[in-house]
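Note sheet for the following structure.
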Amino acid sequence: MDTYAVIGNPVAHSKSPFIHARFAQQTGRIIHYTALLAPLDRFEQTVLDFRKTGGKGMNITVPFKFEAFTLASRLTDRASAARAVNTFRFEETGEILGDNTDGVGLIRDIEVNLNFPLAGKRILLMGAGGAASGVILPLLQQQPDLLAIANRTPDKAVSLQRQFASYSNITTGHYHDFAGQHFDLIINATSASLHNELPPVPADLFRNAFAYDMLYSSRLTPFLELARVQGAGYLADGAGMLVEQAAESFLLWHGIRPETQTVIRQLRDNLRHPTS
């Protein structure tokens, strides 16, 4: 039986095993998929140990996407552009292929599942870590009017801007630099919701905007609750993105892209009723 895992710290909350079990059932594959907690200082060793036991591939989550980029011996074009990796495929040659499916997962969820075209929109992306890195190029490829990147440490946002210097419609700054500005879409790519915290968002930033949290929960995340209070026009968490990016990983491993709408509904039901 082929074995796969999601690796992170923390990772016990991950719904990736639930999702991939549904994909396997849907496509007639027999796999074992588990969640693997890696010590913060032993990511590489944990990955290599998993491969030695016969592991075929991995998904990578917080906080290891940059380390995964470094560990990969070969990269897809989208992982190379992002300089962050969220999927490994272990090749028979011994190589580790690194991919990044975050961006395509986000775009499919927002544009297809939620029917929100990004062309011509003003977008604010909060965060400059691995999650943000993976979605910048796919967002830019949708031709928004503006992509602003806000981060507590502006230098990190500037570094991302330089990665995509061929695009002139990127701006960066601290959160407070965007006070009083209007955005059509505000995306939380920080891990703050994992810790029941909030990025330092200016007052009234969300008014009439579409607020999207890349994390997911059975209830409104702190980010989405703030957006609701501030008058956001629409709220969405990252459950759909999680399923869509997982489908891309499944395609990389098995050569078939599973249907996602049913699994998104199943995930929503599971979040509300965890024993289902």
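Glycine residues also receive a Cβ, built from the backbone N, Cα and C atoms like all the rest.
As recorded in Swiss-Prot, the features of this protein are as follows:
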ACT_SITE  K65  active site, proton acceptor
BINDING   S14, K15, S16, T61, N86, D102, Y216  shikimate binding site
BINDING   D77, G127, A128, G129, G130, A131, N151, R152, T153, P154, D155, K156, M214, G238  NADP(+) binding site
- Other C-beta atoms within 10 angstroms of the C-beta of S14 (shikimate binding site) total 21
- Where's the emptiest Cβ shell within 10 Å among the binding-site residues D77, G130? D77
- Considering the binding-site residues D102, D155, which residue's Cβ sits among the greatest number of other Cβ atoms within 10 Å? D102
- So of S16, N86, N151, T153, which of the binding-site residues has the fewest other Cβ atoms within 10 Å around its own Cβ? T153
- If we check Cα distances from T61 (shikimate binding site), which of the binding-site residues D77, G130, N151, T153 wins as closest? G130
- Expressed in Å to no decimal places, the gap between the Cα atoms of M214 (NADP(+) binding site) and D102 (shikimate binding site) is 10
- Rank the recorded positions K15, K65 by the number of other Cβ atoms within 10 Å of each Cβ and report the first-ranked residue. K65
